[in-house]
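According to TrEMBL:
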- 1-25: region 'Disordered' (REGION)
- 11-23: compositional bias 'Low complexity' (COMPBIAS)
- 33-55: transmembrane segment (TRANSMEM)
- 76-97: transmembrane segment (TRANSMEM)
- 143-161: transmembrane segment (TRANSMEM)
- 252-276: transmembrane segment (TRANSMEM)
- 301-320: transmembrane segment (TRANSMEM)
- 332-355: transmembrane segment (TRANSMEM)
- 361-379: transmembrane segment (TRANSMEM)
- 389-421: region 'Disordered' (REGION)
Amino acid sequence: MDSALSDPHNGSAEAGGAANGTARPPSTPEGIALAYGSLLLMALLPIFFGALRSVRCARGKNASDMPETITSRDAARFPIIASCTLLGLYLFFKVYFPSKSCTGSVLKTWKTQKSKKGKTAVLQNPTTRDNHRFPVEIFSQEYINLLLSMYFFVLGILALSHTISPFMNKFFPANFPNRQYQLLFTQGSGENKEEIINYEFDAKDLVCLGLSSIVGVWYLLRKHWIANNLFGLAFSLNGVELLHLNNVSTGCILLGGLFIYDVFWVFGTNVMVTVAKSFEAPIKLVFPQDLLEKGLEADNFAMLGLGDIVIPGIFIALLLRFDISLKKNTHTYFYTSFAAYIFGLGLTIFIMHIFKHAQPALLYLVPACIGFPVLVALAKGEVTEMFSYEESNPKDPAAVTEGSKEGTETSASKGLEKKEK
């Protein structure tokens, strides 16, 4: 998971040099301000709209839009899984795709040689990169990035289609032939039948899928930063909408663990920044700082990892649902946490601009997004209500059964009241 805010300007490591070895000219103050402001705005949009859509998602009954609930156990394991994944990607790019500067370096390779008895012996033979057979020849970086591009091409189209579908529905005429479809995969038979995939969609969704495919082809062929951002925004909004924390304590565990994860991998090593630059996938939002000089062909980017949007975003969305559960017709905790996110990300950008070094955004976002709402709860005397708020997993059969029982009891009680009247 990429979760760092990088500032590749003024000749820093992220900016690199031009192809002829000359340093890239520094960005103008106007260009830097435009880039930072755009990244901040792009981060706020999926959080705000994703949180609103998470409320409808929690109330919905469509199996294809069921949220995935994160428990405290999932939250505790997530930083460990993310660290292993990040380190694996780093080692993969470093071991399999070393830089061209080490072309003449001495490497140890393993070669096999048959003995006279027909048995295979393994010999360790020092040789230079010019002569040896190394996995680079089998797994070319271009092929790996092509494979990743195809993977995110499919995911991006689906995510973007799901994102624009509610907006596009307003433009369809009333007499549009909107046929219903269902994609269903099951396993087993009879009482042991289990649903693997149950996705419901209609003709309008297919139109949205076609429009999203145009963006997908654009991204696949050009890797343009605008196409990258469209996919990144779609991934972020879908993450905030469909990933639900079951309570505030789980949110604190998740944010606290990723706070340590982010600080270690950004300040302690160069792993996260290296992966962010090597990994050609829409896992980050980018905006050029030289847009005013070069237009849409600009190439000096500031970047923000999607993890810095989705992780605080699902916590902010949880507080919105908590606000609604209080039935006070106010969204105090949602607006407080949303303002805290703006403050935290703004502070991250300020610190990064001052020190000219990539910053772990969660270092500033986590204390703000947790601290501000807790202080408000203390002031209002609602700390107990906040930490006792619990959301059930809609995919859990037990929760569904309990919900059905509650619905039946409510209907029965209403019926008795009518009879008494």
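For all residues, glycine too, the Cβ spot is worked out from N, Cα and C.
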Closest-packing stretch to the transmembrane segment (33-55), where packing means Cβ pairs under 8 Å, from 76-97, 143-161, 252-276, 332-355, 361-379: 332-355
Folded-back contacts onto the transmembrane segment (143-161), same chain, C-beta under 8 angstroms, at least six residues removed: 96-97, 205, 208-209, 211-213, 215-216, 219-220, 223, 230-231, 234-235, 238, 279-282
Short question: which residues 6 or more past the ends of the transmembrane segment (361-379) have a Cβ under 8 Å from it? 3-5, 251-252, 255-256, 258-259, 261-263, 304-305, 307-308, 311-312, 315-316, 319, 332-333, 336-337, 339-341, 343-345, 347-348, 351, 385-386
